[in-house]
Every structure is written in structure tokens, then in C-alpha cells.
């Protein structure tokens, strides 16, 4: 198709997929679609799932933060886990000590032994997300080793490229390292993210190979939205969009009834996220630097984690 030169404007708006009035409706419609059309599949945990392959949603980060409201999302867990990733830690006990126990089951003695990691300390998850983000390609020894200067610091390279060459199409961070997969307590579900700069805004697209719609996906949406806010802050940009692309999007069979309750609820306005001080580097962020305002979710819905 030919386009008249007068229509080509450097300041043209970024094309956006059609999104419903409230961003959360995208998530709820995905859940409804999987319940209606999903294929019943067996899975690693033995729980069983309803599964659909290939879904996408776009959440605006402009003056709102996509922390789902049709149930309470564990904001403290989102924040502490992301700071733990950024630190490069692979020690589940560091999170546990802060009241965030989402990695406890995968770092337990029984689980590690079941994978053949009997020589590994309890809590040592292997070269998972934080290690790949900050030390990709380094040889993993254990969770207590000092990896300073080893491997590729993908996160810092992302930040540096956004500052120096924002139009680059290779602003990518990848946690999927085939060499290290056999050493991980859990291979990465959220595998690769790409950043995009236009009109002074930073957007992020996540490719998530495996999405647990009941428990994991609401958490992952908030986590990568938060990462986008953080990187935008230190690169002098405004948050744009978070685009969430799912591979195997699934509902565990024991989550169907809880999710039916969630689908009956009307979304409430998304909260706002404030960063309370000027932070210069990604490693300097602290828990107290963030404030969620106006979060008024529906009550918690209990769902069991499949391990």
C-alpha cells in the first residue's frame, strides 16, 4: 500500500490495539475465553488445565497502574520480588525473611531433592531470573557466590541503550538461557521483554511462555508495569504501555470456581503509582520509594499454587 509523504509524521501516535474502556476487562475477557474455548491439558504439576495458545493485552501506564481490582493483588510481593530480581539474587530465603513466600515451595528441601539438587542448600533456586538479568552467561555455582563483573548485565545494557540509542530495536532482556535451564528450580515463565521509546514514553512488551491466569498473570502484569515505571524514571521518560503476550495461557482446574467468582465482579479504577524520590540508578531503588494510591480492590480470592 502506498502512503502519501504528507501522512508520514515523525510525531504520529504509536498504533494501539483496541482495548476496552477499563484495561482490566482485557484480563477478564481472556479468562472467560479460556473457560469457554480452552483445551483440557495435563501439566507438569498433575493438576490439569484449560489452555489457549497465544493471547495479548495492552495496559496503559499513563497516569494509572494496572494492579487488578477484581481481587486484591499482593503488592508487597510484587515489589519485593522485583527488587530481588534486580539485585540478582537466587536465594528464596531472602524473600521469605520479608514475608514474601511465593518462592518457598520451589526452594524447599523436598522440591530441590526431587529435581536431583540434593547438594544444594535449601532456598537455592539456581540461575533463575535475577541471575540471568544481571549475569547472563556466567557459570552458576551457588546462591552465595559473588558474581560481580561476570556474565552480561542485560538490565544495565537495556537502560544504557534507552539513554544512548532509544530508537534501537534490540532493547531486549531475556531470562531463557538453554544452557542453564537444567540448573533452575523452575524455568522462566516470563521469558523475554523488549522496550520501545517514542514521543518521550517508554513501553514494554513481555513474552510469557506460560501464564497461570489465576495466580501468576495478575502478579506478572503488575511486576513488568513496575519495571517499566522504574526504568522510565531513571531514563527521564514517561511510562507508556505494557503489552502482555502470552504463549500457553491456562487456568488450573482447581482455579475455575474461584475465577468464576472473580468474573462476577466489576473492575474498579486502577490505582496510581508514585515514585517518592529521584533515583539515579536501578540498583538504588528501595521498597520505601514507592507508593500505591487509590487502590480499592475487591476482597482476596484464595487459589492454591500448583507446584
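Including glycine, each Cβ sits where the backbone N, Cα and C put it.
Going by what Swiss-Prot states, the dUMP site holds 169, 170, 189, 190, 209, 210, 211, 212, 220, 250, 251, 252, and the candidate of 29, 44 recorded there is 44. Distance between Cα atoms for residue 190 (dUMP binding site) and residue 306 ((6R)-5,10-methylene-5,6,7,8-tetrahydrofolate binding site): 17 Å, as a whole number. Among the recorded positions 108, 189, 286, 302, 306, the ones whose Cα sits within 10 Å of the Cα of residue 210 (dUMP binding site) are 189.
Taking 44, 170, 189, 212, 250 as the recorded positions under consideration, the smallest Cα distance to residue 302 (SUMO2 cross-link) is found for 212. By a simple count of nearby Cβ atoms, those within 10 Å, the most crowded of the recorded positions 44, 190, 286 is 190.
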